[in-house]
């Protein structure tokens, strides 16, 4: 027996434990720290622009060819795109979880290369960018000039030139994006009146820029081969590309026969401006340039954030010019740090409570040392397994460690209890430990295999759920393995060294016995009555099962609980066609509101991204997005300071804004799954019904959906798709243009250059390359009167006024066109009403869409809702029988089946394992009851709790069934074997269960960052453990009697199969002869 070896060599056993901890400590230093593991679907972003084009043109000429090629790329889950009225285009391809992002990017690039020849020349000139999207925004750094020394364009480019590259080199930083006034550009603001007076068109200006702003490679003097005697070799240089405003102003646009020269400055205003003027950024009301720092996947979020902060403080901060300041208004690691710190505290609290319970039951510090040393060995050793599995230190793995504390001490407690019992029967500590190990080695191994059988199958689940289960379950499985090895090596050595015969009952022992002994006697009497009416117990069991099933079906379903992550998002939406200036005015009023909350100490900071519509994910002049960072959770302890209360208070004030619709949105629990919590439904035009019908049917769905109590009314449910946005339509007389010799391409080029700006070529400054762009000056773009000033040349060289070729009229069309999986689409975003689950809300939306949409239209889910629907039960059919089944149910069923197989192998019986398996519904009853009582939903954490309870309920039942089996083979009657085993195992089961239950109490009543997740998991496990303990200790003896009776009716009385088994059974029978149960003993 392996345990005897370590009893005789205790130093060897301690060395193994020390090595286990040492490996864990080394791994701990290398494990990354993050809120969640990499559980979000990887995405690849494709961006380009078509300057001057509207949304319809971009959708037809850019989106269609690109998406037709990209569609179906390997491992693609779905794709969505936005074509905006400013000519920008963005395509997001979302891949299955686990897809190699580098490979995905290459595959997308290869497909785009096939489509690029079909793109307009202007788009090809701009270029098509393909980037891997990091969903983990680590923090935001904001540059401001409080005294307005530096304008926004300077702040933005200073951030690009001086900060971005240096921050990108910080270890663990994946990407740094600058949001501000944009890159520098040499802006040529042409004056159509002056152009017309000098007989010039925009084509002339573009041609002059192209001719005179060129890079020249002028060679060398004396470059070989040359004749003999060449003494020098000199490089020839000249002014090629221009570099400053004055040089561009001196460009000759036209020269006359009489020596007249028209310079660019004569017909245009030239300045070093911004490439685009379609956005603005502020921080706490001041103009700002914001740097979004993204974390490299797999890096340690807390360490990366600290390195970034240190770089800013020590390296960059001191070099900032006077009048420029930086702040970090948004830092997601504050939530991660606070949440993980709270979990660490919970681990310590759980460990302390567990040890207190053990001390109360064992009443001996010597006996306490045995299970107490199990906790650090297993918990620290688990970090080594986490490193081998490629896990990180995150909320899920730490939850696993919290719950493992109550599990890993079980083996030690069982060993101590048994050894103490033999010592009180007169055995020496060494012999008592050897006998105890003979009796409990089988159950310890069986319990370990049962735990592995429950947790390992979850590693094969796919999607986000699989990733979350895997981190949690395999962490507990690792602690179970370490605990089992520890129980067979170190624990026997410690028992032989620490335990001593009892010297007499002390005061605490008498007090404990005074309360405990009556409980044990009452339990023994009750069990003896129940085994006589085991059929009644089976009837009660069926009743519990039916009640559990009904309650389980009634509990609302969800994906993840809503967390207070320390910030909320504000979406600002002005009326259609509202200008950016009007959006800026609304943002100023929003700043005033938030400033008041900052004065009250509720808001720490905020920043605004003007020109970005969060609601539909597009760049739009009538939209803005703000991120509000609350003060620390420790400063918001009152009910009126909770996230929900503050959100409602701010939302109430913002409802009073008549100029815009403003929504305060709680972010999703996992970054990267959409921009907001709630659900997102895509309504698709699959039959070419057009934008008007798409909008009308989308609004019809919303109108019908809000009639159901599960759906929150507007503005919680909304769609920003608008087919009737006012637009200017230019009706070009194409026949007249042909007669006058005017090319349509020249007409379009003139419109683009004047109204939309045109990219001509590049120039160099600050060691960077920037664009040269031509556009009509601001005064001439205020209304349609500009069109009367524009001219084009016909093929004969004559100037033709554009006003003679076109007429302008007001029409309506979409501000932006969104496509989802190739189809034009509209997005419905919504929330679930209190008292209902997200699953119920999704069912209502699906039912409504099915009633409202014609056959030429359809719908799909995206973001979190897409993941939740993949977890929902799916329809199946076998032999004509239709039923629904979810992947999680399959895994739960597989876990129970594997437990059954392990026990069948252990007991060499196909029926006896049922005495253990039948206890599982009793544990699930407690999970369901706990969730129902607290008004929670059935989310991922609840399901993780179910998996854990399957293991824990089985573990307690094994202790009773294993001993009852041994007693039966020793000749005891079936009832006597069941009742004696139940009485002997009552105190260890009670001790381990109470220890575990109190260990999860800190989770049940968690507060602060990450509290919702901890409460959800803690409630499920707390309720399940109470019911599985209270019910199982009464039901399992009856289950054993019923099943053992059935076995013997079929096979005859149970007998040992060999002498060794017979001897072992007799030893067990002698050790548990009817008597007062033993204490753990001490000197």
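Using N, Cα and C of the backbone, Cβ positions are placed for all residues, glycine too.
Feature list (source: TrEMBL):
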COMPBIAS  1056-1067  compositional bias 'Basic and acidic residues'
REGION    1054-1083  region 'Disordered'
TRANSMEM  12-31  transmembrane segment
TRANSMEM  343-362  transmembrane segment
TRANSMEM  369-389  transmembrane segment
TRANSMEM  395-419  transmembrane segment
TRANSMEM  440-460  transmembrane segment
TRANSMEM  472-490  transmembrane segment
TRANSMEM  533-552  transmembrane segment
TRANSMEM  879-903  transmembrane segment
TRANSMEM  910-928  transmembrane segment
TRANSMEM  940-964  transmembrane segment
TRANSMEM  985-1005  transmembrane segment
TRANSMEM  1025-1047  transmembrane segment
Same-chain residues near the transmembrane segment (985-1005), Cβ under 8 Å, at least 6 residues beyond its ends: 345-346, 349-351, 353-354, 356-358, 361-362, 399, 402-403, 405-407, 409-410, 413-414, 417, 516, 520, 523-524, 952, 956, 959-960, 963, 1014-1015, 1017-1019, 1021-1022, 1025-1026, 1028-1029, 1033, 1077
Sequence-remote partners of the transmembrane segment (533-552) [C-beta within less than 8 Å, at least six residues beyond its ends]: 918, 921-922, 924-925, 928-929, 932, 938, 1031, 1034-1035, 1038-1039, 1041-1042, 1045
The transmembrane segment (12-31) and the transmembrane segment (395-419) contact flag, 3+ Cβ pairs under 8 angstroms: no
Spatial neighbours of the transmembrane segment (369-389) far in sequence, C-beta under 8 Å, 6+ residues away: 17, 20-21, 23-28, 30-31, 347, 351, 354-355, 358, 397, 400-401, 404-405, 408-409, 411-413, 415-416, 474-475, 478-479, 481-483, 486-487, 490-491, 494-495, 498
Folded-back contacts onto the transmembrane segment (1025-1047), same chain, C-beta under 8 angstroms, at least six residues removed: 523, 526-527, 530-531, 533-535, 537-538, 540-541, 544, 909, 911-912, 914-916, 918-919, 922-923, 925-927, 929-930, 949, 952-953, 956-957, 960-961, 964, 968, 974-975, 977-979, 981-982, 986, 989-990, 993, 996-997, 1000, 1054
Stretch-level contact, the transmembrane segment (472-490) and the transmembrane segment (440-460), CB cutoff 8 A, at least 3 pairs: yes
Chain residues outside the transmembrane segment (940-964) and at least six past its termini with a C-beta under 8 angstroms from it: 399, 403, 407, 410, 414, 442-443, 446-447, 450-451, 454-455, 458, 465, 468-469, 472-473, 476, 559-561, 888, 891-892, 895-896, 899, 903, 907, 912, 915-917, 919-920, 922-924, 926-927, 931, 977-978, 980-982, 984-985, 988-989, 992-993, 996, 1013, 1016-1017, 1019-1021, 1024-1025, 1028-1029, 1032-1033, 1036-1037, 1039-1040, 1044, 1068, 1072
When counting Cβ pairs under 8 Å to the transmembrane segment (395-419), the leader among 343-362, 440-460, 910-928: 343-362
Beyond the flanks of the transmembrane segment (910-928) by at least 6 residues, Cβ under 8 Å: 541, 544-545, 547-548, 551-552, 555, 896, 899-900, 903-904, 942, 945-946, 949-950, 952-954, 956-958, 961, 965, 1020-1021, 1023-1028, 1031-1032, 1035-1036, 1039-1040, 1043-1044, 1046-1047
